[in-house]
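Below is one structure, written out as structure tokens, with a few remarks after it.
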Amino acid sequence: MSEKYEGSVLQGAEKSISLTRGGRSKYAAALVWEKGNSGPAEKEFSEWLESVKENPAVIDFELAPITNLVRNIPCAVTRRSNLRKAFRDYAARFDPCRCAPCPNNGRATLSGTECLCVCQSGTYGDNCERRSPDYKSNAVDGSWSCWSSWSTCDVTYRRSRTRECNNPAPQQGGKPCEGEKRQEEHCTFSIMENDGQPCVSDDEEVREIDLPETESDSGCPRPVPPENGFIRNEKKLYSVGEEVEISCFTGFTTIGYQYFRCLPDRTWRRGDVECQQTQCLKPVVQEVLTISPFQRLYGIGESIELTCPRGFAVAGPSRYTCSEDSWTPPISNSLTCEKGE
């Protein structure tokens with residue numbers, strides 16, 4: 001269908017307009033808005049909406065990891081974990097953090113396994129040493145170092161890794177690094193000997209505690225454990241008369257009566273109980289630092305010494321003592337070595 005208009009193309013385009021996408025054509029056409037007239041009635045909109053089921057259209061999308069497609073096959077959880085690790089390892093091989101800083105604020109990049117320097121706008125030459133007449137800046141923008149190795153899986157089932165903005169560090173008013181300095185992710189560990197990764201399928205990873213909430217007229221909901229403690233037989237709902245046992249994380253001991261009992265009024269009979277620190281876990285530090293003495297647990301009052309390779313010094317305190325609360329002074333995950341004088 002066409003109609004002849006006098007005047008500009010813009011005036012012709014303003015005659016009518018439709019912003020609908022998807023649905024059957026005859027219903028979409030009914031939603032066309034004509035300038036000067038009222039909009040479509042609810043009936044036309046409802047008919048078009050129903051027809052979208054037959055002819056949908058993508059109006060927006062969200063990127064998701066390709067590993068999400070690994071589902072409904074044996075060992076799906078394990079396979080996804082291995083695939084994510086393979087992607088990280090592959091990406092790390094081509095990360096420009098492996099390159100030495102470029103001179104004259106050039107940006108390092110990897111072409112295959114060869115490090116190249118890309119000059120900033122206004123500079124050129126093999127080492128970006130030549131400048132255009134109007135380029136006066138001496139600023140050096142910051143760039144990230146490579147990520148450290150992942151820390152061991154802690155008692156909260158989390159592990160972390162860090163990186164530093166020192167490859168190079170910002171100088172003379174240069175821009176700081178963009179992005180996060182620290183990453184955390186969920187992890188698992190086993191007290192049994194590791195003979196390889198177990199085969200974990202999607203349905204096997206779901207615990208009762210992860211299932212949706214259900215309404216119940218009897219029983220007690222999960223109680224809140226004391227700080228640094230956890231419920232040994234954890235689930236969402238407990239029967240009247242059932243007991244839960246409180247345990248403490250490694251390095252803490254239970255002080256008080258450690259059993260709660262579910263009462264008919266859906267409350268818990270509980271005595272005073274707390275998890276008191278008796279030991280400190282080995283701290284998580286950068287790989288470049290050496291801990292002495294090296295052991296998994298340290299008693300209260302024991303001290304450790306952090307040292308660096310020859311020619312470098314710890315960029316902060318080097319001696320720490322296990323106290324009743326934690327390490328004193330607190331040990332920063334970003335603590336590293338710096339060039340000695």
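A Cβ is built for glycine as well, from the same backbone N, Cα and C atoms used for every other residue.
A simple way to gauge crowding: the CB of CYS275 (disulfide bond) has 22 other CB atoms within 10 angstroms, across all the protein chains here. Under the three-state DSSP scheme, CYS275 (disulfide bond) falls in the strand class. Taken from TrEMBL, the feature disulfide bond applies to CYS248-CYS275.
Under the heading domain 'MACPF', TrEMBL lists 1-98.
The domain 'Sushi' annotation in TrEMBL covers 218-277 (among others).
According to TrEMBL, the domain 'Sushi' annotation covers 278-339 (among others).
Every protein chain shown contributes to the tally, and the Cβ of CYS248 (disulfide bond) ends up with 23 other Cβ atoms within 10 Å.
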